[in-house]
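Record features, source Swiss-Prot:
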BINDING   His80, His179  heme b b562 binding site
BINDING   His94, His193  heme b b566 binding site
BINDING   His198  ubiquinone binding site
TRANSMEM  30-50  transmembrane segment
TRANSMEM  74-96  transmembrane segment
TRANSMEM  109-129  transmembrane segment
TRANSMEM  175-195  transmembrane segment
TRANSMEM  221-241  transmembrane segment
TRANSMEM  289-309  transmembrane segment
TRANSMEM  320-340  transmembrane segment
TRANSMEM  345-365  transmembrane segment
Amino acid sequence: MRLRKTGLLAPVNDIIDLPTPSNISYWWNFGSLLGLCLGIQILTGVLLAMHYRSDVSLAFSSVAHIVRDVNYGWILRYVHANGASLFFICVYCHIGRGLYYGSYSRVLTWIVGVLIYFIMMLTAFIGYVLPWGQMSFWGATVITNLVSAIPSVGGSIVEWIWGGFSVSNCTLNRFFSLHYLLPFVLVGLVLAHLLTLHEKGANNPLGVVSLSDRSTFHVYFTIKDILGFLILLGVFVIIGIEPRIETLLQDPENFIQANPLVTPVHIQPEWYFLFAYAILRSIPNKLGGVLALFASILVLLLMPILDRSKIRSLTFNPVAKFFFWFIVGDFFILTWIGSAPAGTEPYVLIGRIATIFYFGYFLVLVPLLGYLSNLFYEYNGTT
């Protein structure tokens, strides 16, 4: 079978012939795994939307109907719900690899990637509201109410988002429409991400530009991607059929129908938002917390500016590598603090220390370590 195509399929040739560094590892597989996750989420989401009812009196029962009465509906629901967790696991590994190996040197590719991450978080949040359980309702109420921290116009924006004076049927309809639309926006951004990647090509673990030591993407790296696909599909099968895993990542409160008159014992988002939620809670001021929440994501956009080292990869930089693993540990600590009871010690103190280190790493340590790295590089070059 001839691999190279003509006409509308001509872009496939760019994938087949893409010059790829020969020394990239399995950490570079997560990009293709994310494409597979996005495809599975869109497919299962479209099938679920055929049976879902975006009405406050029917939403919860329609989800129960999907699980109980629709053929293989329970697989669709749990693959879609837990697939979001797998999606974010792959995203965080992909971002971590980019930070470790200096992928932000491809500035436009990095910016589009951060935008994809932001849209992903928005899509996941509004999707969490759709089952209309207790945590869905109160999570939507608390998180959307944060917009009221904007001076002067915050209250009006919140009412515009809600479509009224509280989270109601209008809110659910809007969130369902956006949750159906945004994945296709993500597809467009992913295509833009790939197009920008093809301009300069992928980076490599050494963090240096090498135009000679490259191989075509097919067949050397498609085989590695296929192996990753098989492993990921195996995980999807397990989370779809194993009862003890299906609901492991689901909040028990969300199996209770939403009741505006009963507040849950704790209100928290899904685990992949907990690090940002902990940063939000660590700032006593409401507006400051909201700004810190958005800054925790948008600070990634500054990485191409903050890191001015000549060799971006941390492979041969033991000091920067040491602090990188500190920020990884800090991410897990923030995730843990986000799930802890609000306003209780020592969680408040730990959360504030972890928040300071989170921003300190990006805004202080990264520029400082880059400057020191350049000094050592120039010193070794002159001796």
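For all residues, glycine too, the Cβ spot is worked out from N, Cα and C.
On the structure: features taken from Swiss-Prot.
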residue	record	contacts (Cβ under 8 Å, 6+ apart)
His80	heme b b562 binding site	Gln41, Thr44, Gly45, Leu48
His94	heme b b566 binding site	Phe30, Gly31, Leu34, Gly113
His179	heme b b562 binding site	Gly45, Thr123, Ile126, Gly127, Leu130
His193	heme b b566 binding site	Thr109, Val112, Gly113, Ile116
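Ranked by number of Cβ pairs under 8 Å to the transmembrane segment (345-365), the listed stretches 74-96, 221-241, 289-309 are led by 289-309. A Cβ distance under 8 Å defines the sequence-distant neighbours of the transmembrane segment (320-340), meaning residues of its chain 6+ beyond its ends; these are 92, 96, 99-100, 268-269, 271, 273-279, 281-282, 314, 347, 350-351, 354-355, 357-358, 361, 365, 369, 373. Its Cβ taken as reference, His198 (ubiquinone binding site) is surrounded by 14 other Cβ atoms within 10 Å in the chains shown. DSSP gives His80 (heme b b562 binding site) a helix state. Of the recorded ranges 30-50, 74-96, 175-195, 221-241, 289-309, the transmembrane segment (109-129) has the largest number of C-beta contacts under 8 angstroms with 175-195. Remark: the transmembrane segment (30-50) contacts the transmembrane segment (175-195), by the rule of 3 or more CB pairs under 8 A. Scored on C-beta pairs under 8 angstroms, the neighbour of the transmembrane segment (221-241) with the top count among 74-96, 175-195, 289-309 is 74-96. Residues 35, 38, 41-42, 45, 49, 52, 54, 109, 112-113, 115-116, 119-120, 122-123, 126-127, 129-130, 140 of the same chain, all 6+ positions outside the transmembrane segment (175-195), place their C-beta atoms under 8 angstroms from a C-beta of that stretch.
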